[in-house]
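Below is one structure; the comments refer to it alone.
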Amino acid sequence: MLKNDRLLRALNRQPVDRTPVWLMRQAGRYLPEYRATRARAGSFLGMAKNPDIACEVTLQPLQRFPLDAAILFSDILTIPDAMGLELYFVEGEGPKFRHPVRDAAAIHRLGVPDMETELRYVMDAVRVIRRELDGSVPLIGFSGSPWTLACYMIEGGGSKEYARIKAMAFNAPELLHHLLNTVTDAVIAYLAAQRAAGAQALQVFDTWGGVLSPAMYREFSLPYLTRIARELERGDGAERTPLVLFGKGNGAYVADLAASGAEAVGVDWTISLADAAQRAGGRVALQGNLDPATLYGSPEAIRAEVGKTLDSYAQGNGGSREGHVFNLGHGMSPDMNPEHVGVLVEAVQTLSKR
């Protein structure tokens, strides 16, 4: 039995006593205890692939701040790693793949990994975290979106231009759709396995959907997000596991995402929550959307911006604050001040009381 079910109630647009809050990358390098754990583990993957350490890191922000959810400590690139692309990290450059997929032969060789063998460490982490949380707050599981994973798989790492995947979209769209369908199958299986292991809410991160033109987004990202929302088994009624579709730069597509079948849409700070709520039309909950850079501001500035964000949602939602989960519009950065996170969380709790 959950002692704090605010997140799940808000995602299902049910009444809550105040707006729930959690933060993308709430377990991360801005916390000195995270940096100490990483030094002990030796690497990011050394933490992510050890269920006990992944649990320790997942719980660190909850030991500091009264957050309303834990999110699994992992990486969006676990699926392609398990497909054989071999993930590694370069200091200062981020994730890379030793075996990117750039031709038909490589793409057709890909299959859906077995979730309890190749990705057992993720499921074990979910089980350990659920046990340690002991019903205090819900645990969020997650995956990267098919488009975002395909970007990394084809580019071989992060990119500014996305030249290789966009070239494939123009020159060999059928091949790219084949890859996206395979990855979508894997994402659905991955999220279902996390749910079976104990995840109580699920989020898909479409980090790079915003690099696409509207026409390309509607061809290469939206249909696959919709497939996930419609095909992922999440249960029924009060026991249904809510799904959040988050995208960077997805403001223009809120209405499309609201029609996908997901329970909630996460937006970044490039659209006002008032506008997003009007576009959503009461069909989904909304999550977001404070600019993470606000945390570089003074405590007074942070409180003011939190208030504006809460008010913006209510303004677009007929004066009601129901159906809103407070979050940042993207993940936190390593140089942010943990004390400012405390200010943010306290401000949400104080200013959103019903």
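Quick reminder: no glycine exception, Cβ is built from N, Cα and C everywhere.
What you see is a predicted model, and the numbers here were worked out from it, not measured in a lab.
Among the features that Swiss-Prot reports, substrate binding site is placed at R25, Q26, A27, G28, R29, F44, D75, Y152, T207, H330, with the record citing sequence analysis. Under the heading site 'Transition state stabilizer', Swiss-Prot lists D75, citing sequence analysis as support.
Listed in sequence order, the residues of the same chain lying 6 or more apart from D75 (substrate binding site) and placing their CB within less than 8 Å of its CB are F44, A48, L87, P95. Largest Cα-to-Cα span within the substrate-binding set R25, Q26, A27, G28, R29, F44, D75, Y152, T207, H330: 23 Å.
Counting only same-chain residues at least 6 apart in sequence, those with a Cβ under 8 Å from the Cβ of T207 (substrate binding site) are I76, G144, S145, T148, G247, K248.
The binding-site residues examined here are R25, R29; by Cβ neighbour count within 10 Å, the least packed of them is R29.
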